[in-house]
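K.L.:
Okay, here's the structure, questions in a sec.
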């Protein structure tokens, strides 16, 4: 049994434990952590499987959720699997977690269940007003492996839906964000079907999220994901925003990475920063 989100630890204490040497890399990491410690007091380690970007982002979003996002309230939300499967036959190749070779109807019903679970959990946690109780509810959710992984399946499906919308918009000559061009410029994802087969189906199994897919996740959730990329300390990319031109009304979640593969989360904003 592994903890999905470890208890809080002082950021600089964590840094000293992890980066003791005097190599240029260790020095850069320490500087990076010092910069993060100007804003946040603690860090929580995220379990390191191929879902860590999902886990870190969703945990942060739920921890600070004050209401149910608009897109989660829409009537059509739980009809997504049905609507998409009726238009795109290839979605029946969707790879459900540890359940290869499911039939089309089973995929539709199962993903619908995941979407309903996502809405229900988000609603329940956002209605908790006491910060301590909210945190406890999040901790409890991320200790329930079955539910946790079901939520990641929901996120993956939302990313596919967003990718299809962006692809169709681009094809019909409408304006799309720059990352959308990059997403579909890859040899392995020149259209949503390839994106599903070569990327989304593998997330959590044999790989995590690539940079360009972090943009897609941010768009799917309508959240700005702010990442301290510690190995980029003292460059323009030290603090990277996904998307880099976010909508003003999108909430912001903050993550930390040392290598763009594994993500942890900073918690407890320092008092000065909050003021």
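Quick reminder: no glycine exception, Cβ is built from N, Cα and C everywhere.
Unlike curated records, TrEMBL annotations are generated automatically.
What TrEMBL records for this protein is below:
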type	residues	note
ACT_SITE	49	active site
ACT_SITE	52	active site, nucleophile
SITE	237	site 'Linear diubiquitin binding'
ACT_SITE	262	active site
K.L.:
Given the active-site residues 49, 52, 262, state which is nearest to residue 237 (site 'Linear diubiquitin binding') when distance is taken between Cα atoms.
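P.N.:
Of the active-site residues 49, 52, 262, 262 has its Cα closest to that of residue 237 (site 'Linear diubiquitin binding').
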K.L.:
Quick one: give me the count of other CB atoms within 10 A of the CB of residue 49 (active site).
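P.N.:
Result for residue 49 (active site): 14 other Cβ atoms within 10 Å.
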K.L.:
Counting across all protein chains present, how many other Cβ atoms fall within 10 Å of the Cβ of residue 52 (active site, nucleophile)?
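P.N.:
A 10 Å sphere around the Cβ of residue 52 (active site, nucleophile) contains 22 other Cβ atoms.
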K.L.:
At the Cα level, what's the spacing in Å between the residue listed as 'active site, nucleophile' and residue 262 (active site), rounded?
P.N.:
6
K.L.:
So what sits near residue 262 (active site) in its own chain, CB-to-CB under 8 Å and at least six residues off in sequence?
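P.N.:
For residue 262 (active site), the qualifying residues are 46, 48, 52, 208.
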